[in-house]
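Per Swiss-Prot, the features are:
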- Glu553: L-isoleucyl-5'-AMP binding site (BINDING)
- Lys597: ATP binding site (BINDING)
- 57-67: motif ''HIGH' region' (MOTIF)
- 594-598: motif ''KMSKS' region' (MOTIF)
Amino acid sequence: MDFKDTLLMPKTDFPMRGNLPNREPDIQKKWEEEDIYRLVQERTKDRPKFVLHDGPPYANGDIHMGHALNKILKDFIVRYKSMSGYNAPYVPGWDTHGLPIETALTKNKKVNRKEMSVAEFRKLCEEYAWKQIEGQREQFKRLGVRGDWENPYVTLKPEYEAQQIRVFGEMAKRGYIYKGLKPVNWSPSSESALAEAEIEYQDKRSASIYVAFGVKDGKGVLENGERIIIWTTTPWTIPANLGISVHPDLEYSVIAVGEDRFVVASALVENVASACGFDQYEVTRTVKGKDLENIIAEHPLYGRDSLVMLGEHVTTDAGTGCVHTAPGHGEDDFIIGQKYGLDVLCPVDEKGVMTSEAPGFEGMFYDDANKAITQQLDEKGALVKLEFITHSYPHDWRTKKPTIFRATAQWFASIKDFRSDLLDAIKETKWVPEWGEQRLHNMVRDRGDWCISRQRAWGVPIPVFYAENGEPVITDETIEHVSELFRQHGSNIWFEKEAKDLLPEGFTHPGSPNGTFTKEQDIMDVWFDSGSSHQAVLEERDDLVRPADLYLEGSDQYRGWFNSSLSTAVAVTGKAPYKGVLSHGFALDGEGRKMSKSIGNVVVPAKVMKQLGADILRLWVSSVDYQADVRVSDAILKQVAEVYRKIRNTFRFLHGNLFDFDPKTNAVAVEDLREVDQYMLIKLNKLIDKVKKAYDEYEFAVVYHSIHNFCTIELSSFYLDFAKDIVYIEHADHPDRRSMQTVFYETLLALVKLSAPILPHTADELWSHLTFVEEQSVQLTDMPETITVPNSEATEEKFDRFMALRDDVLKALETARNEKIIGKSLEANLKLYPNKENKELLASIKENLSQLFIVSELTISEENEAPNDAQSFATGKIAVEKAEGEMCERSRVISKDVGANPKYPTLSLRNAEIVEKYYQK
């Protein structure tokens, strides 16, 4: 007979190869047909809620690695929470207004804006946004992200816009919204004001000039004709100069350079002299900054007054300690100008072109005017020094062009009135990483008022009317009416109708005796859109709650969505919209460089999924320290795929050895398991506790390493290795075999559930092959619970010591292999000469030690009986010889009793007995 037929070899239809790129779409199709999201929600509907609120990605273009990282992290949490006692809905969202969509449509002359009305152009923007959402939705679903994809929230949906209007109205009612002339970050290339979050810093080469302002009226402190030196890197703002700021507490020096007398901060005299090339100079006297107040200098180009003012913002970090002040072109300049009653002069238009308020430079683009202004200063003898520097300068994040500070009439949300409430709310929120708290605290503490208006077409209109006398009209009645109009018709109605048709019927206002009104043309900053989601989504949807348990986004969102959401929520509810905030870093290439098409180092999620599958991408996300920037490359993904293979093979081995196991009839009670099997259950319990704790603390790399290590170290290298001599060789119902299978069963169930949030496709694929489970998907189960093992501490301590001894045995076997004494470990006759403690340890182990060590022969003697060539270890001495006897054809174990049963000349007695009893017909 063929003895192979008598072996209980693994049987499984769970394939060895993942073939994920082909298999995952089928699994996802099945999820969709079953409506797995709804099934999970129904199963958990009576549990406490855990709401992770999706920060809406911008609906433009394909998803990149940053999107994948973000969405997968969210999915880990939502999937885990729904398997650990919570009802965890996930409603994905999209941010859909703003300049990138306008630009995408007008680029390459696809759409000619000038040939259509604003309303028509906005319709095209909306169509484009929906198309982008469709593309991104499919890509996000392909990642295996589970959510309410059929009912996402979208910032252009009428019901969303209606709620956004209510948020604006509530803030206006509380006095937080105002219109004012103020310098704002302005992008000439976009012709619009920008929020702080829309600015990025890049290096720029600029003129750096030192300019002298002659003293007109020295107030008895300075003498007429002495000259105050200012320093600036924006010569184009000199025509807007109305003053010079000095610090009240600084000391200022008058220095003589030839015939000239210059005034600079004493602490900067040497720097200025060096920069301006003053080889010889002398300090003639010093004065206190506060004594310079109200001195009048003369504008070097126009001869008008330039007032010396006191400002706390003046520093000695750079420059001269005398700060050129143009209230129309800087935040500090504006504030100090207000204090001293200066005009807000801004001689630059929305395109960045100098106006008639800058005589001599009218019609020039501001950057081109730099040269002309510098030349004129030189001609008038006011230019002390010109050089060029490269410095970090603000740029428009979309057009990548430089921005300027420019005073315009804008709508603002005043932060100062509720700043302390914002800071309190930050304190009450849980931040991961912890430094997030300080980061947002500092931003909120230092930020000015929020400019919420944009001079664009594609966005939510600012719902303000103007009376005949120019007074802005914002009342409960108008807000409610506009909100309702938007809910019914969408915000495009604002651009389709006249003001009178947008107001409540019969509306009157004292500022409009003739009953006529106009409407605001500006739209809201897109950060106001997404920042209103706590009201439009969390508060409005029945399946969600405000505050959310968690907001999770990239670290760029401290100044973006985390900030705008906090501002609007605290303004209208007094509380943060979130209980916790988690931030992640950016995805970089394998060398830690930013991904860019020009370098050719972009890793595209779609390509990774086509080649390796979504589960590999997800496993990569779980493997990285995502709170910092993360690296990804083909080589890194290859390593992750190797780990995946190991985990999958472990699943397959466990499953294959359960083909004849029915837990209802074959499972062994925990107290009846062999000790080594109990030991494995104890190790499994530790894994379960560790992994669940790691999920709870969002430490996914701990989950990844713990599962991987358990599969490779505890299972493959030990338990599953020696198992073969039992589960393949013994008869089906042998107690040792059923004992091991019981542990295989518990281990497989625990592993598939623990890995399900990270590897949902693989987990569900395996689940579909399990005959002993009732639920149709692993997603409809809960995380595994630990199993109580009697005397677990003593058993663990005992077998941990055994494992230390086993490590020494493996080293000794390896040495014997290198010395060609043996090939495989089954060729060994292992001779142990343990020390006293280990001799007692070995005596206490009831299991077959030859099996545990995977050797054919084993003897244990006193330590002092060891031969001279025995290897010494901390546990005792070990010698390895070649086992004597023949190899049993069935078990591959070398035995002296092979052929002892003449009916089976090639089998050992043990194997002959099994065959005769169970397989002989």
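Backbone N, Cα and C define each Cβ position, glycine as well.
A distance of 24 Å separates the Cα atom of Glu553 (L-isoleucyl-5'-AMP binding site) from that of Lys597 (ATP binding site). Residues in the motif ''HIGH' region' (57-67) partition by DSSP class (helix H, G, I; strand E, B; coil) as 3 helix, 1 strand, 7 coil. For Glu553 (L-isoleucyl-5'-AMP binding site), the Cβ neighbour count at a 10 Å cut-off comes to 21, with all displayed protein chains included. Looking only at the motif ''KMSKS' region' (594-598), the predicted model's pLDDT averages out at 79.
Classification of the residue listed as 'ATP binding site' by DSSP places it in coil, neither helical nor stranded. Taken residue by residue with DSSP, Glu553 (L-isoleucyl-5'-AMP binding site) is part of a strand.
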